[in-house]
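Q: Sharing the feature lines straight out of TrEMBL:
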DOMAIN    19-177  domain 'N-acetyltransferase'
BINDING   V97, A98, V99, R105, R106, G107, L108, L109, R110, S132, E133  acetyl-CoA binding site
ACT_SITE  Y137  active site, proton donor
ACT_SITE  F411  active site, proton acceptor
Amino acid sequence: MAASGSVLDARDQQVGTSLEIRSATDADWPAIARLDATCFGVYNAPATFQAWRTLIAADGSVLACDGGDVVGMAHYLDLRLTVPGGAVLPMAGVTIVAVAPTHRRRGLLRAMFTELHTRIERSYPVAGLTASEGGIYGRFGYGAATIEQELTVDRRTARFRDDAPDPGGVRIVAAADHRDEIEALYERWRTATPGGLQRPRPLWDELFADRDEQRRGGSAWFTLLHPGGYALYRVFGDDPMFVRVAELIPATDDAHVALCRALIGLDLVDTVRFATHPADPLPYLLTDPRAARLTHHQDDLWLRIVDIPAALEARTYAADVSTVVAVSDAFRGTGGRFALQIRDGRAQCAPTDAAAEVEIDLDVLGSLYLGSHRASAFATANRLRATTSAAVTALDAAFATEVQAALGFGF
Ligand SMILES: CC(C)(COP(=O)(O)OP(=O)(O)OC[C@H]1O[C@@H](n2cnc3c(N)ncnc32)[C@H](O)[C@@H]1OP(=O)(O)O)[C@@H](O)C(=O)NCCC(=O)NCCS
């Protein structure tokens with residue numbers, strides 16, 4: 001596919017005449033894999049790279065080439081995202097984005113993103129990505145929409161409260177013998193959780209393949225299974241040992257507590273590191289909540305709302321609102337003024353000429369969308385401007401979610 005005129009304009013202005021923005025062909029993939037390894041510092045197993053490649057949409061690969069060399073790339077995967085209330089939206093999962101160190105800061109990312117988002121806008125109401133650095137993607141209309149946290153429990157001192165539930169029911173199993181149960185539990189969890197992603201078959205195969213290259217110095221998977229959830233973890237170190245829980249997927253509250261208890265019951269390890277989200281109940285189960293230390297807190301999924309009315313009408317809300325929101329999108333100019341009417345949990349959203357009560361940039365809408373961030377905090381930062389404080393309070397109440405958002409898996 002030829003690059004669009006706007007991309008060529010950007011290229012001519014910013015990166016010189018020997019550069020071309022174009023789609024990838026099969027012959028480009030060895031060079032794509034090499035650039036990926038160079039820019040991220042890790043060689044993926046060829047089978048792993050191939051598994052991700054199968055998820056790239058037909059028009060989802062944009063390259064920047066200098067003569068015969070691939071010097072930049074941006075891709076998107078065809079993913080499915082759960083939004084508050086349980087609706088599932090097609091999401092363009094932007095990934096494998098990199099520019100060669102020889103060609104940085106000459107406008108290649110912007111040129112590739114312009115072409116990639118022209119394609120994404122044809123079929124996706126939202127686009128998402130996970131960011132290597134926090135300062136890059138706001139300018140492209142992406143806002144941090146979920147938060148990842150790591151809680152590190154010193155299990156030699158952690159004690160469960162006397163009144164903490166003790167549901168039991170956890171079994172030690174081999175993951176490969178329980179694929180169907182594990183996949184079904186993940187499916188229950190992701191359809192109930194904003195930010196949940198449908199996990200495509202090639203990624204399940206990769207997870208269960210448990211390749212050496214994915215272990216980063218840790219053991220093979222250990223698997224704990226409960227009728228309402230599962231945990232996959234690896235053991236690191238020798239003396240002392242610590243555990244890193246890669247997935248704790250609780251479809252029920254009992255499973256969550258029972259799996260935490262089983263992991264903290266591993267007598268011979270010093271610490272257990274849980275990859276989780278800000279609403280994890282684990283500290284509340286302990287006599288000293290500080291025994292679960294917050295050792296990592298960072299943005300996870302970033303969202304760009306591509307079709308504002310479609311996305312806002314897809315989710316449910318916790319309170320009524322009647323307002324007009326002006327959204328600015330400096331990257332693609334897809335914003336405008338929208339009348340937003342929320343009644344009984346459902347929204348109607350349509351372009352309007354009425355005066356705006358609330359003004360935001362598109363990245364802020366992405367951050368509000370899954371309920372992880374509050375309108376009032378953005379108002380304090382002057383990134384949400386409203387004519388009345390009541391409008392901000394109403395948005396806080398409406399966008400709040402019952403279930404804490406969490407990203408299904410990294411991509
Ligand atoms: C991040 C990366 C793709 C940027 O590519 P690039 O071609 O140098 O970016 P561009 O020159 O097109 O810059 C586009 C805009 O982003 C800004 N930008 C680029 N890299 C940035 C960074 N690391 N932090 C903050 N801003 C950045 C530029 O200043 C420019 O801003 P402007 O257009 O508003 O003036 C490249 O540095 C890279 O490959 N890094 C290593 C791999 C990586 O982190 N990939 C991203 C994975 S999510």
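Including glycine, each Cβ sits where the backbone N, Cα and C put it.
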Q: What average pLDDT does the predicted model assign to the domain 'N-acetyltransferase' (19-177)?
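A: Mean pLDDT, the domain 'N-acetyltransferase' (19-177): 97.
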Q: Do any of the recorded positions R110, E133, Y137, F411 touch ligand 1, in the sense that the CB is under 6 Å from one of its atoms?
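A: With ligand 1 as the reference and 6 Å as the Cβ limit, the list reads R110, E133.
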Q: Could you measure between L108 (acetyl-CoA binding site) and the residue listed as 'active site, proton donor' for me? Cα positions, answer in whole angstrom.
A: 14
Q: For a quick check of packing: other C-beta atoms within 10 Å of the C-beta of V97 (acetyl-CoA binding site), how many?
A: 22
Q: I need the CA-to-CA distance for V99 (acetyl-CoA binding site) versus Y137 (active site, proton donor), whole Å please.
A: 15
Q: Considering all pairs of residues in V97, A98, V99, R105, R106, G107, L108, L109, R110, S132, E133, annotated in the record as contacting acetyl-CoA, what is the maximal C-alpha distance expressed in whole angstrom?
A: 19
Q: For the active-site residues listed here, Y137, F411, which shows the highest count of neighbouring CB atoms within 10 A?
A: Y137
Q: How many Å lie between the Cα of V97 (acetyl-CoA binding site) and the Cα of Y137 (active site, proton donor)?
A: 12
Q: Run through the Cβ atoms and count how many others sit within 10 Å of the one on V99 (acetyl-CoA binding site).
A: 21
Q: Cα-Cα, whole number of Å: the residue listed as 'active site, proton acceptor' versus E133 (acetyl-CoA binding site)?
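A: The Cα atom of the residue listed as 'active site, proton acceptor' is 15 Å away from the Cα atom of E133 (acetyl-CoA binding site).
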Q: I need the CA-to-CA distance for Y137 (active site, proton donor) versus R110 (acetyl-CoA binding site), whole Å please.
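A: Between the Cα atoms of Y137 (active site, proton donor) and R110 (acetyl-CoA binding site), the distance comes to 10 Å.
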Q: For R110 (acetyl-CoA binding site), list the number of other Cβ atoms lying within 10 Å of its Cβ atom.
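A: I get 16 for this one.
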